[in-house]
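Taken from TrEMBL as is:
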type: BINDING; residues: Ser172, Glu241, His269; note: Mg(2+) binding site
type: BINDING; residues: Arg389, Asp415; note: ATP binding site
type: DOMAIN; residues: 143-290; note: domain 'Mur ligase central'
Amino acid sequence: MRAGGGASPRPAPLPAATSATATLLVPASVAMPPPRLTHLRRLLLPLRSAAHHPLAPNPGRPFPGPLHPSLLLLPRAMAGAAHAGVATASAEYEEVLGCLGSLITRKVRADTGNRGNQWELMAKYVQILELEEPIAQLKVVHVAGTKGKGSTCTFAESILRSCGFRTGLFTSPHLMDVRERFRLDGLDISEDKFIRYFWWCWNKLKDKTGNDVPMPAYFRFLALLAFKIFSDEKVDVAVLEVGLGGKYDATNVVRAPVVCGISSLGYDHMEILGNTLEEIAGEKAGILKKGVPAYTVPQPEEAMSVLMRRASELGVSLQVVQPLDPQKLEDQPLGLHGEHQYMNAGLAVALANTWLEKQGHLDRIHVKHSDTLPHQFIKGLSSACLQGRAQIVPDLQVNSENDKDDNSSLVFYLDGAHSPESMETCARWFAHVTNNDRIQLGSLKQPHADRNSRKILLFNCMTVRDPQRLLPHLLDTCAQNGIHFEQALFVPNQSQYNKLSSLASPPSEREQIDLSWQLSLQRVWESLPHNNEGLNGANSSRASSVFESLPQAIQWLRETAQRNQSTQFQVLVTGSLHLVGDVLRLLKK
């Protein structure tokens, strides 16, 4: 790739991989031994020896030992920004994370399908924790869906908080710290409160569970913890995002929410929810309750018919909400970016308005003009924040070294899309923001008009996803909007090789890393039609690389940007929220 003006040296060339013989690629500047494509010998180190917690109900029962390989599904925990972005964690918090990690089962999700997986145990856990009445007292907004349910919950919580209510928000997954899942008044729960509530739930459950009633699995425990936190913190409203599906989700122990919502439906988690939209919609409709108002957005006909039929059986009037009209925002932008967010915002407005009406609080809102939203709604929608969804992050390390005039040399565009439909949405957003402004972020100045730009894809997805459904949707939609990637980088998630605890020592010898999945992603990419040239003039169908680790990929991107200071590198990070969280963690170090 030639840098603008020819003043900067070319980046170190990367050998091209072919679909016939997919090759592992590492940065030319990094001395690396040849890849060893065997299964990981040691995914995770055992936890450091943990002393028994003084509040443990059974001092004879040891704390969890080695963490399970399935812990690769969790991003490594990081403490808050209290120490200038440096990861810190108290010893007690480490013990908490170790206990949480022990709840991650070895089961492969596709083994059992969605037959409830002993869902009736949730009622027993609620009983053990004496949460029946506290849950019944919560004023809940409950949201399911395939795409946009987290954004919808974030908008709804922000609106109701702007109306003056004390809010609790439970979402998943987290990107950097498990406490992100629990927000009180818009902020992640503090470490001290999290520890206190964790031990209360953990000790009671440990004391009352055994062979007949095992400890709850990871997500179920977190949902129970959310109910305890929100009830004890006396929130006015609890906004709950369904984890997976709806009917058998841990959040569905709420029997009488104030209002329910179902965001856009599509093909995801098919190994559990079913292979058709009808089956998937049936699972999502499981959150609908008799006598509880419900809203959804325009859906494919086969999904909508299932939702309407279930609503009719329950005597519920399921109302379809249209995307929010931007003119109702009085020229204020949404806090979450992307055209698709107007759909989620429209649903959130309906949910928040109905919650206010049902709770007798409509007098709290004030409308300036009949054709605009109440100012509290506008404030809430414009101030909503959710990391990892249509998020733009300049790499300050590269930019501080290269750009004396605040231009952005290396910019990451992060979106945790992981379904075919969300891939298309992500592609349209990426095309819109990169075609329009060539990056203008906050205080960052507009780049010089003659500055070159290069699009690079940084991708990974979970093995339960089908890359032959994801990558074509992404590539085709980008191409339709004039976007062509000149390099594709495939990496394992950094969290795949880290345990939840952050204090244990790193491995004393080099880990063997299984990159067979990343190589298969590369082969899918190479098989797709490409119509443009890649970096260094290579055909883009061959301009793809597999890196042994995410830090190596980031290092290569930084070195390339530093060597080509007249070029802006625009990196789309997508395919996995875990990957997005890992990138954010590295950029914030």
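Heads up, the Cβ atoms here are built off N, Cα and C, so glycines get one too.
Annotated pair Glu241 (Mg(2+) binding site) and Arg389 (ATP binding site), C-alpha to C-alpha distance, rounded: 15 Å. Long-range Cβ contacts of Asp415 (ATP binding site) within its own chain (separation 6+, distance under 8 Å): Gly388, Arg389, Ala390, Gln391, Ser422, Cys426, Trp429, Phe430, Leu572, Val573, Thr574, Val580. Helix, strand and coil counts from DSSP across the domain 'Mur ligase central' (143-290) read 70 helix, 22 strand, 56 coil. Under 8 Å, Cβ to Cβ, and six or more positions away along its own chain, Ser172 (Mg(2+) binding site) finds Gly150, Arg181, Phe219, Leu222, Glu241, Gly243. Counted within 10 Å of its Cβ, the other Cβ atoms near Glu241 (Mg(2+) binding site) come to 25, all protein chains included. Here the Cβ of Arg389 (ATP binding site) has 25 other Cβ atoms within 10 Å, regardless of which shown protein chain they belong to.
Confidence annotation: the domain 'Mur ligase central' (143-290) carries a mean pLDDT of 94 in the model.
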